[in-house]
Each structure stands twice: as structure tokens, then as C-alpha cells.
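Peer 1: What follows is a single structure, and I will ask about it in a moment.
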Amino acid sequence: MSSGDPPAPEGIDDETWHLLLHIKEGCFPYLDDRLDNSYGYWPSLPAGIIFSALFGIVIVGHLFQFVRFRKWTSILIAIGAITEALGWAARTWSAKCPYNGDAFLMQITTLIIAPTFFAAAMYVLLGTLITLLGRDTSMMSPKLYTIIFCTCDVISLVVQAVGGALAADAADKIDGDTKQGTNIMVAGIVFQLFTMTVFAVLVMDFLRRVYKRERHDKRGNQGASALSRPMKLVLAALFVAFVVIYIRSVYRTIELVQGWDGYLITHEAYFVALDGSLMVVASGVFLVLDPATLLRNLKPGSDNEYPMLSGEDSEGGSPESARLKRGSTPSNY
């Protein structure tokens with residue numbers, strides 16, 4: 001036993017006690033059921049490598065789109081994918097060093113907060129669609145959407161990060177109490193779920209207003225659908241991303257409520273299926289159906305925008321629509 005080690009408790013020999021004290025500092029092989037680690041299982045090396053590679057592809061794709069179009073959605077998703085990649089790299093590390101405390105702390109803090117960046121991209125994207133289709137399609141201005149929901153996203157991110165760090169630090173200690181950190185993490189995820197639920201209601205209101213205007217336009221023989229094919233594809237991507245992030249948040253909430261010894265958190269298959277895989281979909285769908293690419297030829301006030309139902313100016317559009325038609329460009333989504 002090292003001279004700096006505290007005395008071993010009764011019933012534990014010095015060699016085992018030394019191992020217990022220092023096993024989280026180095027790289028020790030998995031000892032099966034003889035000594036459990038913070039995960040409750042031996043993390044999969046293939047899963048760590050595969051997801052690190054997949055998120056690497058997403059990072060490269062969205063950074064390329066950001067350089068090309070300079071849109072916020074691309075950089076937000078890229079940041080989220082970078083955070084995911086760091087988390088899965090840490091799990092790859094854990095596959096080799098399953099007791100290492102730094103690897104566990106790194107993966108839990110990064111993977112718990114990464115989806116907040118994907119959610120922020122969705123909030124910015126909705127504001128862009130409102131700008132393109134007209135202020136009458138929303139009960140709030142596009143700028144207000146961004147301010148309110150991104151602020152909520154930051155709050156959720158900070159709360160989850162703090163909770164994750166506290167819980168991981170406690171899990172890294174012998175007989176550490178993870179309850180406080182876990183409760184903080186759950187609070188952050190539940191707040192994110194609440195924010196996304198409100199967002200879903202506002203998206204439904206947005207769609208209701210768009211289709212209401214469509215019916216009005218068709219009755220007036222003013223042309224075809226206000227929603228062009230590119231916009232429909234972007235809305236489809238938004239829907240897919242929302243659903244998978246929401247499912248993931250529900251899963252993580254249930255997982256953490258069960259506790260660190262619960263069934264979900266100690267079985268990696270659920271984490272791979274309901275977190276890693278879903279976040280690949282959330283970030284990848286915006287790579288396949290990239291908003292910057294699909295909306296690059298659409299501008300506020302162009303022929304994809306129809307007259308407002310109320311507050312129209314003398315030229316048949318709203319004051320905001322008339323201003324946009326004089327040459328402004330879409331928001332830097």
C-alpha cells in the first residue's frame with residue numbers, strides 16, 4: 001500500500017484497497033463483476049469508434065456548408081456534432097480504460113448537453129421560415145423566437161452541464177452520492193422538454209396559419225401553394241429532428257430518474273439506440289436536407305411569399321413584406 005493511502009477498511013486487504021483508491025486514475029482492464037465501474041457495464045469499443053466516425057462526417061459536412069453559406073444552423077449543428085464526437089471519443093477511451101474517471105466525466109457532460117445545440121438550430125430555422133413566409137404566419141416575430149428559445153436552451157445547457165459534472169464527480173468516488181447531480185441533470189432535461197413542447201405548439205400554430213393563408217390564396221386564384229418544395233423538405237427535416245430529440249430527452253429523463261443503478265442506465269444497448277443513434281439522425285437529417293442549400297434561392301418577398309391576410313399595404317402585401325421586397329435578404333439562419 002502507498003504511504004499516502006488512508007488505512008484500509010476492515011475486511012479489505014491493502015492491495016485491493018490501493019486498487020480501489022487509484023483505479024479511476026489510470027487504465028485498468030475490466031474486472032467483470034469483481035469491481036463495478038461508473039457505467040455498470042464495459043462500454044463497447046466498436047460503438048465508440050462508429051459513432052465518433054459518424055459524427056465526424058456530420059462535422060465536416062456542416063462546417064463545409066457553413067463556409068459556403070455562412071448560416072447559423074450549420075455552425076450550431078456542427079458544434080453539437082463536435083460535442084457528440086468528443087463524448088463518443090471518451091466512451092471509446094472508456095472501452096480501453098473502463099474505470100478511468102476522466103473519461104467517464106468527459107462523456108457524461110458532453111453527451112448530456114450536445115442535443116441543446118441541435119435544438120437551438122431548430123429554433124433559428126423556424127425564425128427563418130417565418131421571415132420567408134411572412135410575419136402573419138406567427139404569433140411572435142422571428143427575432144423573438146430566437147431570443148426566447150435560445151435563452152431557454154442556454155439555461156438548459158448550463159443546468160445539465162453542472163448536474164452532469166456533479167454526478168460524474170460523485171460517481172467517481174467510493175460511496176459517492178450522485179443524487180444531487182442527478183436531480184440537477186433531470187431538472188435541465190425536463191426544462192428542455194418543456195421548452196420543446198412549447199416550441200411544438202408554436203410550430204403547429206405556424207403551420208395552421210400557413211395553410212389558412214393557402215386556402216385564402218387559392219380561393220382568390222392567387223396561385224399555387226405558399227409552401228414550395230424546398231420549404232416542405234426543410235419542414236420535414238425540422239419534424240424529424242424534433243421528434244428524435246424529444247424521444248431522446250424522454251429516454252434520458254426516465255433513465256436518470258431510475259438512478260445510476262437503474263436498468264436503462266446500466267444497459268448500453270438502450271443508450272446506443274435511444275441517444276447515439278437518434279442524435280446521428282437529428283444532425284444527419286440537416287446534412288441530407290440542408291436548409292442553407294434548399295432555401296438559398298428563396299428570399300423574403302419573392303414569389304414564394306403570398307399577400308398577408310391582414311395589415312396589407314397598397315401593393316397587396318404587409319408593410320414588412322413591402323420592405324423585404326425592396327431588396328433585403330433572409331436572416332442569417
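Residue 1 is the first one shown; counting continues down the chain.
Even glycines carry a Cβ here, placed using N, Cα and C.
Pasting the relevant annotations from TrEMBL:
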type     : residues : note
TRANSMEM : 39-60    : transmembrane segment
TRANSMEM : 72-90    : transmembrane segment
TRANSMEM : 110-132  : transmembrane segment
TRANSMEM : 144-166  : transmembrane segment
TRANSMEM : 186-211  : transmembrane segment
TRANSMEM : 232-249  : transmembrane segment
TRANSMEM : 269-289  : transmembrane segment
REGION   : 304-333  : region 'Disordered'
Peer 1: Can you tell me which parts of the same chain pack against the transmembrane segment (110-132), counting only residues 6+ beyond its ends and a CB-CB cutoff under 8 A?
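Peer 2: Residues 72-73, 76-77, 79-81, 83-84, 86-88, 90, 138, 141-143, 145-146, 149-150, 153-154, 156-157, 160-161, 163-164, 185, 188-189, 192, 195-196, 199, 202-203, 206, 231, 234-235, 238, 241-242, 245, 248-249, 252, 275, 279, 282-283, 286, 291, 295, 298-300, 304-305, 324, 330-331, 333 contact the transmembrane segment (110-132) from elsewhere in the chain.
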Peer 1: Among 39-60, 72-90, 144-166, 186-211, point out the range having the most Cβ pairs under 8 angstroms from the transmembrane segment (269-289).
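Peer 2: Ranking 39-60, 72-90, 144-166, 186-211 by Cβ pairs under 8 Å to the transmembrane segment (269-289) puts 39-60 first.
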Peer 1: At a C-beta cut-off of under 8 Å, are there same-chain residues at least 6 beyond the transmembrane segment (72-90) that contact it? List them, or none.
Peer 2: 47-48, 51-52, 55-56, 58-59, 62-63, 65-66, 103-104, 106-108, 110-111, 113-118, 120-121, 124-125, 128, 276, 279, 283, 286-287, 290-292, 332-333
Peer 1: What same-chain residues lie close to the transmembrane segment (39-60): Cβ under 8 Å, and 6 or more beyond its ends?
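Peer 2: That would be 30, 77-78, 81-82, 84-85, 88-89, 91-96, 98, 104, 260-261, 265-268, 272, 276, 279-280, 283-284, 287.
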Peer 1: So if I exclude everything within five residues of the ends of the transmembrane segment (144-166), which remaining residues of that chain have a CB under 8 angstroms from its CBs? That is, six or more out.
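Peer 2: Apart from its flanks, the transmembrane segment (144-166) reaches 105, 108-109, 112-113, 116, 119-120, 123-124, 126-127, 130, 138, 180-189, 191-192, 195, 199, 202.
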